[in-house]
């Protein structure tokens with residue numbers, strides 16, 4: 001999904017920064033990739049206007065099939081409704 005959008009080196013650096021369990025940090029990841037503005041639409045695989053926790057758990061695998069799935073703790077949304085809207089996502093990556 002990211003072919004031609006991100007440089008392979010940027011993807012590798014971003015994935016390396018969160019290889020260990022419980023180490024994923026949205027701000028660091030998006031900063032390493034350099035394209036926070038385009039990610040919401042890409043992660044929202046079903047184009048519902050929200051990122052569901054299941055979509056977010058498989059987020060790293062969008063970059064590389066061998067990447068780990070994110071844990072429940074790493075994908076918990078702020079308001080607890082199980083979905084991350086655009087405003088919540090922007091706040092999350094800018095936090």
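Just so you know, glycine gets a Cβ as well, placed from its N, Cα and C.
As written in Swiss-Prot, here are the features:
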{"type": "MOD_RES", "residues": "1", "note": "N-acetylalanine"}
{"type": "DOMAIN", "residues": "39-66", "note": "domain 'EF-hand 1'"}
{"type": "BINDING", "residues": "44, 46, 48, 50, 52, 55", "note": "Ca(2+) 1 binding site"}
{"type": "DOMAIN", "residues": "77-95", "note": "domain 'EF-hand 2'"}
{"type": "BINDING", "residues": "77, 79, 81, 83, 88", "note": "Ca(2+) 2 binding site"}
For the domain 'EF-hand 2' (77-95), the number of residues DSSP places in helix, strand and coil: 9 helix, 2 strand, 8 coil
Local confidence of the prediction over the domain 'EF-hand 1' (39-66), expressed as mean pLDDT: 87
Number of helical, extended and coil residues in the domain 'EF-hand 1' (39-66), per DSSP: 14 helix, 2 strand, 12 coil
Which of 44, 46, all binding-site residues, has a Cβ with the fewest other Cβ atoms inside 10 Å: 46
Distance, residue 83 (Ca(2+) 2 binding site) to residue 55 (Ca(2+) 1 binding site) (CA atoms, angstrom): 10
Cα distance (Å, whole number) from residue 83 (Ca(2+) 2 binding site) to residue 46 (Ca(2+) 1 binding site): 12
